[in-house]
Amino acid sequence: MKLSRISAINWNKIQDDKDLEVWNRLTSNFWLPEKVPLSNDIPAWQTLSAAEQQLTIRVFTGLTLLDTIQNIAGAPSLMADAITPHEEAVLSNISFMEAVHARSYSSIFSTLCQTKEVDAAYAWSEENPPLQRKAQIILAHYVSDEPLKKKIASVFLESFLFYSGFWLPMYFSSRGKLTNTADLIRLIIRDEAVHGYYIGYKYQIALQKLSAIEREELKLFALDLLMELYDNEIRYTEALYAETGWVNDVKAFLCYNANKALMNLGYEALFPPEMADVNPAILAALSPNADENHDFFSGSGSSYVMGKTVETEDEDWNF
């Protein structure tokens, strides 16, 4: 069998400047959950009711499931369709950071929660029909041989499906609760925003090579898939937040982010403003300066703790 020639990646010869731009953004944004002082949230966690704690654990377990899908199936499936080696490299970075995101929720659990409560949430996630359904819908497209439909599914996961879960820590943060946990979630949101934008960009570039009929067919597919996911997400939200009185607020947040997902694909918003009218407190919590602890763009700040080096002299070690 004749082996094909393998070419080394050359970052000094870029076919698409967006690959380097996004690579630089992702690497400059790099972070790890161990650097966020989650233990500072223990007092606030203890003020939550048992129902609020259970809701939070379930929300984060659902998010862990989505990150796991994107890490082991989503980004790797997109790599097979990459046009440039630099695109493959960016997608490998995306895959790794999805693993970091999944690890982050385990850091929250080990810091704030009892093991039996977390185990119960994981068991719940495996038996929750809407949660399992959205995973199945997305995975079905990841294993298909249609590259652009994979990208559509990936953008909807990155830019839409996460947000029924992201709403809760932003809500608590807007009330001064679990602020360090919210800082960690903002780091995740920052990553997901870049992921959704980049994959949507690659989708739009690929569309330019298609006929008008093919483009229209993909648009209709995207809208149908979004509505299938939206209807399922409404069921998930109504069940998850049933006892809270927050269901309508979360639904508005879903519509808001569904519109953003469509825009990442180059399409117009679907949901009217009155359906996507998000509570200003939530939008403020999402903003880069939402918490004084957190520097959104550099990943630094008092809630993201990096070690500092100080030069010493020999006499410093004479105790």
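Here the Cβ of each residue, glycine as well, is placed from N, Cα and C on the backbone.
Source: prediction; values computed, not measured.
Now, the feature entries from Swiss-Prot:
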type: BINDING; residues: Asp67, Glu98, His101; note: Fe cation 1 binding site
type: BINDING; residues: Glu98, Glu158, Glu192, His195; note: Fe cation 2 binding site
type: ACT_SITE; residues: Tyr105; note: active site
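Overlay of Swiss-Prot annotations on the structure.
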residue: Asp67; record: Fe cation 1 binding site; DSSP (3 states): helix
residue: Glu98; record: Fe cation 1 binding site; DSSP (3 states): helix
residue: Tyr105; record: active site; DSSP (3 states): helix
residue: Glu158; record: Fe cation 2 binding site; DSSP (3 states): helix
residue: Glu192; record: Fe cation 2 binding site; DSSP (3 states): helix
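Between the CA atoms of Glu192 (Fe cation 2 binding site) and Asp67 (Fe cation 1 binding site) there is a gap of 10 Å.
Neighbours of Glu158 (Fe cation 2 binding site) among the recorded positions Asp67, His101, Tyr105, defined as a Cα within 10 Å of its Cα, are Asp67.
Taking Asp67, Glu98, His101, Tyr105 as the recorded positions under consideration, the smallest Cα distance to His195 (Fe cation 2 binding site) is found for Glu98. Report note: the Fe cation 1 site is defined by Asp67, Glu98, His101, and the residues of the same chain whose CB lies within 8 Å of the CB centroid of those residues, excluding them, are Thr64, Leu66, Thr68, Gln70, Asn71, Met97, Ala99, Val100, Ala102, Ser104, Ile188.
Asp67 (Fe cation 1 binding site) and the residue listed as 'active site' have their C-alpha atoms 10 Å apart, to the nearest angstrom.
Between the candidate binding-site residues, His101, His195, the densest Cβ environment within 10 Å is the one around His195.
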